[in-house]
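Participant: One structure, as structure tokens, below. Some questions next.
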């Protein structure tokens, strides 16, 4: 901008700047106009600015030369406090003049006029990277120190030599010191608590001197001599040249629960470094979609798997032990090698012990969820005397006489064979098969699925023996149960076979695992009485006494299955393994099947539901997700190691049968509604019997006169299904199941919003 004849016009001959941060164009014009009355020469300058300012006061420049008057006029404006002003002067013809008049007038720098464009440009660059940026920081300084002074967390700033330079009022309040007592002292001069481990300070210093942040628990000593346990976060401040210039320590007492929780949240966020958090409501309460991860499959499948994998990193079923694991993972990032290796061992122990059951509070506003939890995840309220419920006195069923002649797969009637044509599809209709087989779907579907997986060949078992075994197992299911009958077993067998066909599952399991899984699915509810474990414990049943009120039904199912299998050679599917493998090896193989089948059947017990899901997520899902995000062919071996380790194969089998067992909400809508009606009727019957016998009512909401079936399904999906199938989908890639689950949840929600208690809306 060139000032000529007391006017300002936009006609710069070259860009030489008056660099201004905080003074508006209008304000500058007013300031310059005040000093142009005595203009005798042409002054050229350029400025940049965005903020507003008021006009200057001419009287403040009286008695000064033109440049000084301009500088003083600008400085008279309040908003010019952090402005950098450059005086451009002509090259002197005589002796160099002093710059003090310009400095006294408010100029920061003098620049001798130069027609060389690059010289001017270089000057501007130096100004921007020097004085201008410094002024920016100074202008922000007041706000920063206001924030420090108002912070409720104790803040201490030290130099690179650990000399205390600043403490805020919160620090003074918590520690009992006055600021003047600390500033200028070295950290080592401040008394230390004896409660810290001897090597803790050395560990902290070793970490922060490398430029790494340290966070952990530390005992500080107050002025009065008391020790206070604090969460401490120490951050090195890196200055010019990459050197540490300061250390900032943020401390808050450990007993402050709110801040402790925030600390834990920060640590968890740091342990998942590339997470971009964005909360949104999902179909279930508290569901979070945190991030997308690299995934296999088509674009649609990939996007859906991104969503499922995102939820894996923010599961709402976090138990205390998984929080501990996340904190330890974060601590490893800033720990010396010996400490990191020790923490690896700690994590190994934590991941293989029984520490995964979450803690749940009560929710009086959701009785359906409370009753489901009470009924499915507890083993009874009290032992009754003199009112024992007799269940286990009867002997196992033998094969009905009209079924004793074994048939082969080729002998299945055409109508039944036609019903089973699409048994490899998830949408297979088990209810149609139940009707076609006169409530004997397990034998027929079992024959076909076991044949498809080559079970007879692997066990060296004749097809006739397999048929006999399926028949006797099915005969020991109670057809009088509305839900826990052989149709449910066939449904679980079908889901198990479907899951075994998924690529990721096949990569993890070997043929022994597959055979064991199919057998476990077939027998997992054999001889189920149509009552829950809590009912049997409260009634003092023989089974509850036998199994000490612990996993009563599941233990009975597994034990009875092996009793039935080994009692008669005609149905002993394990008999001929020895002829194939040799006597010594046979014993080992039989033990493998025995252990695997029992483990999977026991995994269907709901008191361990969250433990199994948590272990699966933390030991398999999260490590695999981390590998997928990192990418690269070198990770293939790591993925294989995760998938095929003996411990993880057990977790996969448990998760597989658990998902198969309670997969009804993920079935096509008509099947979902049918199964919901059946389980509700079984719970209604239990409530009726509890009232007749004067037993504690385990699930009061399942009163046939008042129960809302839609509400019970919503609670079941929210509490048990969604998280588990998110994890299983992320592993096995099951887009069709997740779509059915979403549709079914919306269906039940729609009925509930209309205040309907029934399975279906009334006909219009």
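Counting starts with 1 at the first residue shown.
For all residues, glycine too, the Cβ spot is worked out from N, Cα and C.
Reproduced below are the annotations present in TrEMBL:
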| type | residues | note |
| --- | --- | --- |
| DOMAIN | 140-211 | domain 'PAS' |
| REGION | 255-311 | region 'Disordered' |
| COMPBIAS | 256-268 | compositional bias 'Basic and acidic residues' |
| COMPBIAS | 291-301 | compositional bias 'Low complexity' |
| DOMAIN | 408-755 | domain 'PDEase' |
| BINDING | 484, 485, 486, 487, 488, 525, 661, 713 | AMP binding site |
| ACT_SITE | 484 | active site, proton donor |
| BINDING | 488, 524, 525, 661 | Zn(2+) 1 binding site |
| BINDING | 525 | Zn(2+) 2 binding site |
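Just tell me what is around each of these and how deep it sits.
Facilitator: Model confidence over the domain 'PDEase' (408-755) is summarised by a mean pLDDT of 92.
For residue 484 (AMP binding site), applying a Cβ distance below 8 Å and a minimum sequence separation of six or more within one chain yields 477, 478, 525, 528, 529, 530, 682.
Within 10 Å of the C-beta of residue 525 (AMP binding site) there are 24 other C-beta atoms, taking all protein chains into account.
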Participant: With every protein chain in view, what's the tally of Cβ atoms within 10 Å of the Cβ of residue 487 (AMP binding site), excluding that atom itself?
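Facilitator: 27, counting other Cβ atoms within 10 Å of residue 487 (AMP binding site).
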Participant: In Å, rounded, how far does the Cα of residue 485 (AMP binding site) sit from the Cα of residue 524 (Zn(2+) 1 binding site)?
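Facilitator: With the alpha carbons as reference points, the distance is 11 Å.
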Participant: What whole-number value in Å do you get for the largest C-alpha pair distance within 484, 485, 486, 487, 488, 525, 661, 713, the residues recorded as binding AMP?
Facilitator: 22
Participant: Sort the residues of the domain 'PAS' (140-211) into helix, strand and coil with DSSP and give the three counts.
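Facilitator: Once the DSSP states are binned, the domain 'PAS' (140-211) shows 34 helix, 13 strand, 25 coil.
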Participant: Work out how many Å separate residue 486 (AMP binding site) and residue 524 (Zn(2+) 1 binding site) at their Cα atoms, rounded off.
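Facilitator: Given the Cα positions, residue 486 (AMP binding site) is 10 Å from residue 524 (Zn(2+) 1 binding site).
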